[in-house]
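To start, the structure itself, in structure tokens.
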Amino acid sequence: MSPLGECPLDPGGYFVVKGNEKASVMSSTEMTKSKTIIRMEKEKVYLVLNAFTSKVPIMLVMKAMGMETDQEVVQMLGRDPQYATLLLPSIEDCASIGIYTQLQALEFLEKKDEGALGVLRDIFIPNIRVGGIKSPVRENNFHLKCVYVVVMLRRMMDAILNKDAMDDKDYIGNKRLELSGQLLSLLFEDLFKSMNDQVKFNVDKILSKPSRSSRFDVSQHLLKESITVGLERSLSTGNWDVSRFKMHRKGMTQIVTRLSFIGAFGSMTKISPQFEKSRKVSGPRALQPSQWGMLCPCDTPEGEACGLVKNLALMTHVTTDEEEGPIISLCTCFGVEDLSTLSGEELHSPSSYLIILNGLILGKHRRPERFANVMRKLRRAGKVGDFVSIYVNEKQRCVYIASDGGRVCRPLVIADNGVSRIKDHHMRELKDGVRNFDSFLREGLIEYLDVNEENNALIALYEGEATHETTHVEIEPFTILGACAGLIPFPHHNQSPRNTYQCAMGKQAMGNIAYNQSLRSTVSLNEAMSDGYLDLPFGLSSTAATDDENNRAAGQNATVAVMSYSGYDIEDAIVMNKSSLDRGFGRCIVMKKISAAYQKYDNTSDQFSSPCRSQHDQIQILDNDGLASPGEIIRHQDVYFQKECPIDPKGSMKSHPSQTPYRTSKQTYKGAEGETAVVDRVALCSDKRNNLNVKFMIRHTRRPEVGDKFSSRHGQKGVCGTIVQQEDFPFSERGICPDLIMNPHGFPSRMTVGKMIELLGSKAGVSCGRFHYGSAFGEPSGHADKVEDISETLVKHGFCYNGKDFLYSGITGMPLQAYIFMGPIYYQKLKHMVLDKMHARGMGPRQLITRQPTEGRSRNGGLRVGEMERDCLIAYGTSNLIYERLMISSDPFEVQVCRKCGLLGYINYKSKTRVNFKNISRFLLS
Amino acid sequence: MPKIPLWDLPELPKNQLPPHLYLQKTRVFCNNDAPTHTENIHYSGAYAALGVDNSLRLDEFRKNFKVKVIKLNEEDMEFDLIGIDASIANAFRRILISELPTMAIEKVLVANSSSVVQDEVLAQRLGLVPIKVDPRLFDYMSENDVPNQKNSIVFKLHYKCDRGSGERRTVYSHDLKWLPFGSEYVLPTESSSDSTSKPKTYTSFTSSQDSLPEFANNPITVTPGIIISKLGPGQEIELEAHAVKGVGKTHAKWSPVATSWYRMLPEVILLQDIEDDDAHKLVKKCPVNVFDIEDVGRERATVARPRSCTLCRECIREPGWEEKVALRRVKDHFIFTIESTGALPPEVLFTEAVKILEDKCERVITELS
Ligand code: SF4
Ligand SMILES: [Zn+2]
């Protein structure tokens with residue numbers, strides 16, 4: 001990919017639509033919802049189906065489907081009299097209205113809703129076909145449906161009798177993720193069908209005409225681009241309006257935030273829930289045990305969507321649909337007995353298990369464990385898909401086989417009798433590059449398990465912990481974390497919300513986007529930022545250590561002194577060393593795209609225009625073609641684009657193009673005043689309508705200023721409170737001067753011990769010249785450094801074991817009265833910068849309708865004195881100031897009023913005279 | 001504690017501080033938890049009640065003040081300042097960092113730069129390259145000065161990586177070439193009307209800098225070996241860098257020192273005799289070998305190299321050891337280190353710093369009188 005200018009490390013997974021990168025957000029749904037509900041009301045069981053106007057007693061349905069004897073139903077439910085007792089009221093109910101036969105039942109249903117048989121056949125549990133090609137049984141055989149209903153009834157009764165048998169709604173195994181492919185296929189189907197309809201309509205219209213001049217050609221009537229436009233629209237707005245499937249969803253796509261590689265990566269693993277977020281429920285927000293290893297336990301937003309929006313863990317794979325046919329035939333080969341060959345009694349017989357494939361009852365098997373093992377062996381051998389899951393549920397006496405899409409699964413090392421299949425020589429081959437992950441998978445050393453199948457597995461965290469019963473060994477425990485959470489060093493020492501905050505904040509950190517970041521932009525991003533100089537963290541975290549994420553770092557190692565300094569460090573503000581900033585600490589580059597176009601008109605078009613040099617200064621950066629040239633310094637109000645527009649684009653039809661009068665039109669750069677940016681690149685391209693488009697990338701290098709936001713990797717954000725000369729900074733015995741000073745009050749309430757350990761580890765790292773690792777799970781296995789070892793290293797290099805140094809004040813020259821905790825911490829610069837937010841105004845623009853000052857920085861809006869500000873002024877006693885702000889500053893408006901009739905006067909613009917000049921008087925509205 | 005009548009207390013020697021006060025005055029106590037007595041006591045009457053005069057006497061200072069150079073080479077210097085107050089030692093440090101002028105690249109005229117390093121970043125990197133020239137030979141350039149041979153140095157950098165070569169090349173600081181005649185770039189406003197006269201460039205040097213005796217056989221160079229940029233095939237950098245005089249206060253690039261700092265002389269005192277096992281333990285504890293064992297019948301620990309103590313507090317970390325070992329700092333003995341960037345040798349830097357402090361003092365005196 002690199003020769004083509006694409007980053008080889010780019011994970012993909014997004015669409016480029018209209019010059020924007022859009023990632024579709026995965027949405028998690030409860031398992032595909034069927035529209036069939038069997039409900040118990042007042043001890044009687046009913047079927048609720050949209051196609052039926054009212055609920056239908058279940059026994060009636062059974063009878064309508066041909067199960068006429070009550071005994072058969074009870075027999076199928078199982079011998080236990082408990083079930084029969086529960087069903088009894090329903091049976092009695094049916095008998096009381098005098099319905100005994102299929103015919104009677106159908107007639108009864110037909111009376112209520114027409115076409116009841118058809119509804120039962122096609123709409124009621126539609127996944128079980130009645131007749132048709134798939135089923136060899138003759139038409140209108142409802143036996144399988146009856147079995148299905150009975151299984152449903154039995155499950156319901158189990159749940160009534162025993163609350164434990166209830167399904168957990170939040171269980172991840174019961175959820176499916178909807179990926180962009182499914183969404184797009186829905187959209188495509190809808191668009192395609194609409195197009196067909198439209199074409200049919202058009203063609204019909206033409207064909208119905210009595211006389212046609214030319215030969216009919218249907219290809220002429222195919223609508224061009226309607227599918228493309230529809231897909232583009234949905235992707236770029238994120239609104240999925242598929243009327244055919246009653247789907248109206250908003251925000252299905254999001255712009256990929258290209259602030260740092262991890263940020264972009266993290267935003268693509270996001271999973272949003274389908275139901276509305278305002279629900280005040282705790283169940284779905286809580287951490288589910290079943291999300292272990294599948295979804296990141298840390299990465300979730302704060303506030304409204306907390307716990308509902310989730311992120312994938314590092315190695316999670318989301319399955320796609322797989323063909324069911326081969327699996328069904330395999331199952332029958334391995335001894336699944338078809339239901340139609342069994343009597344009702346055997347349905348719930350304790351000696352055998354039901355085999356269910358994607359919610360379809362295939363049949364029964366007498367030796368379920370054996371069957372499951374055979375299927376699993378087939379999967380490891382590659383005979384069925386890698387992501388087919390086989391799950392034996394002993395409680396429900398079922399074997400579930402799932403091959404549908406949207407399940408989350410993760411890879412695990414297979415262990416036979418507690419011995420991992422991956423041996424040392426495999427690892428050596430991996431290191432030598434002979435093997436890769438796929439070859440492990442192909443040879444059956446690793447397999448993917450979904451959440452359900454995990455329940456049948458006994459997974460050892462480490463190889464050494466495996467016992468005889470162990471079936472799988474974890475590949476690496478830290479993979480339960482997601483991409484963002486994996487970047488936190490020593491996260492297990494932090495208070496858990498801090499890790500969550502960091503996950504959100506890591507996405508705002510500015511860093512390298514990709515290897516091709518200097519080439520990007522023309523297509524995709526509006527604003528991208530990157531630090532001038534980026535470091536690898538000295539104290540690495542888990543993900544950073546394994547991946548090559550290091551090449552795309554998003555921060556710098558700052559030597560931090562944890563101490564109080566100057567009072568400009570309250571409320572998490574940090575004090576920065578000016579010399580460090582001079583030397584390039586915390587710089588970032590902000591890119592901004594502005595575009596201009598040469599318009600085409602009916603007969604004329606915009607022309608290049610070469611600037612007239614003798615003019616004023618503002619056009620200096622223009623080249624002879626009227627475009628700013630790359631590398632030029634551009635300031636506020638500078639002209640970066642100049643063209644010749646025809647004065648009258650419409651009326652110039654008659655005249656020769658060369659005679660059309662032109663006027664010069666200019667575009668000026670609007671940037672921060674007093675700042676100098678640089679034209680980074682100028683790209684010429686043509687847009688859809690073949691107009692020549694010019695895109696300017698404006699690059700602005702910023703050094704940190706007071707108010708810029710920084711954060712460490714522990715959810716500890718803070719703005720720069722003040723910038724202090726190096727000579728005023730404290731210095732250590734070795735002459736080390738910190739880059740920034742952080743107030744110690746940041747620690748006690750946040751309890752980010754991980755940050756302290758990061759400092760220690762980094763300090764040891766720089767003194768011994770080795771990266772230190774801070775994986776959450778590495779301490780027992782030796783993949784992470786322990787504090788004791790770190791302290792030992794520190795002492796060996798002459799530091800105090802606790803990382804506190806003896807510092808001298810740079811102002812007085814005397815030693816400080818405390819030892820100061822000092823060392824390197826990885827700091828990130830966040831995208832919130834003062835330059836983009838600073839705003840103040842006095843007089844300024846007003847809204848047209850209300851004549852009140854405009855709102856917002858972009859419109860140069862006013863600053864509201866709200867109630868709290870008003871309270872302050874009252875408390876201060878500045879009555880005149882309040883009076884001015886509330887009465888004079890915004891509202892008053894002068895009008896002319898007629899003294900006689902009291903109407904507002906106006907200027908008659910045609911005659912340029914005032915109406916009734918004599919009686920007018922001025923009036924101040926306020 | 002038994003009550004001792006006041007008149008039974010031993011008589012204090014006149015004109016001399018009692019030993020504990022003397023220690024507090026002259027030493028910083030580096031305890032396990034925090035250093036104490038870090039402040040200097042300047043008030044002349046601080047010990048008046050004891051009949052001790054605490055005022056600073058110039059002749060005393062003259063007698064006691066010593067400078068001992070420990071290490072000196074082209075770049076670094078370590079020396080001891082003995083018998084001076086921390087505020088003055090600190091003043092030297094502060095002046096060294098921020099007030100000594102040097103020459104540094106301030107303006108970069110980029111004619112062509114197709115490398116991946118952005119122009120601003122390139123300019124910033126160039127600015128930090130130390131220029132090996134005595135700044136005393138140059139004037140400051142004020143706002144409305146024109147750059148001339150007395151206040152500017154011009155370097156040229158033209159580096160190209162051939163497309164055919166197929167390999168990347170590194171641009172180093174020593175690829176900067178000194179232009180003693182000033183800028184070679186012609187001002188754009190200069191129209192070609194009077195072609196007879198020399199075209200006006202970005203600098204107005206009236207004479208060549210290498211005609212000056214100082215630079216005659218001594219071309220101005222920069223510290224070599226600093227990577228400025230890397231070029232891929234077909235990329236090119238062509239620029240001119242103009243260096244002017246400035247001080248570190250404005251920007252760290254003008255700081256003549258990489259850093260300069262001092263530490264107070266460590267003093268490690270064994271409060272008790274530490275013998276045998278304990279002695280071995282103590283020797284083992286110290287990562288920088290401050291302690292030795294001497295054999296006086298029994299094995300006894302001695303403090304052999306207190307100067308190398310890094311104050312890691314390892315020797316007093318374990319409970320009980322704080323009573324045996326005292327870590328102190330001598331308040332008026334500074335081990336001063338200067339790391340020069342290369343413009344001036346470190347010893348010259350220090351004398352310059354002293355001169356600046358002198359100037360400042362004189363200014364204060366004239367203001368006062
Ligand atoms: S403080 Fe550390 S370096 Fe100094 S003497 Fe004690 S152990 Fe040695
Ligand atoms: Zn009127």
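Any Cβ shown, glycine's included, is placed from N, Cα and C.
Note that the structure is predicted; figures quoted are calculated from it, not measured.
Going by TrEMBL, these are the annotated features:
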- A:2-215: domain 'RNA polymerase beta subunit protrusion' (DOMAIN)
- A:24-178: domain 'RNA polymerase Rpb2' (DOMAIN)
- A:254-318: domain 'RNA polymerase Rpb2' (DOMAIN)
- A:355-415: domain 'RNA polymerase Rpb2' (DOMAIN)
- A:437-469: domain 'RNA polymerase Rpb2' (DOMAIN)
- A:484-859: domain 'DNA-directed RNA polymerase subunit 2 hybrid-binding' (DOMAIN)
- A:646-666: region 'Disordered' (REGION)
- A:655-666: compositional bias 'Polar residues' (COMPBIAS)
- A:861-909: domain 'RNA polymerase Rpb2' (DOMAIN)
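When pLDDT values are averaged over the domain 'RNA polymerase Rpb2' (A:861-909), the model yields 82. With respect to Cβ pairs under 8 Å, the domain 'RNA polymerase Rpb2' (A:437-469) is most closely packed against A:355-415, considering the stretches A:2-215, A:254-318, A:355-415, A:484-859, A:861-909. If you look at the domain 'RNA polymerase Rpb2' (A:355-415) against the domain 'RNA polymerase Rpb2' (A:861-909), you find fewer than three C-beta pairs under 8 angstroms, all six or more positions apart, and that falls short of contact. Residue counts for the domain 'RNA polymerase Rpb2' (A:861-909) under DSSP, helix first, then strand, then coil, are 20 helix, 9 strand, 20 coil. For the domain 'RNA polymerase Rpb2' (A:355-415), the number of residues in each DSSP class (helix H, G, I; strand E, B; coil) is 13 helix, 27 strand, 21 coil.
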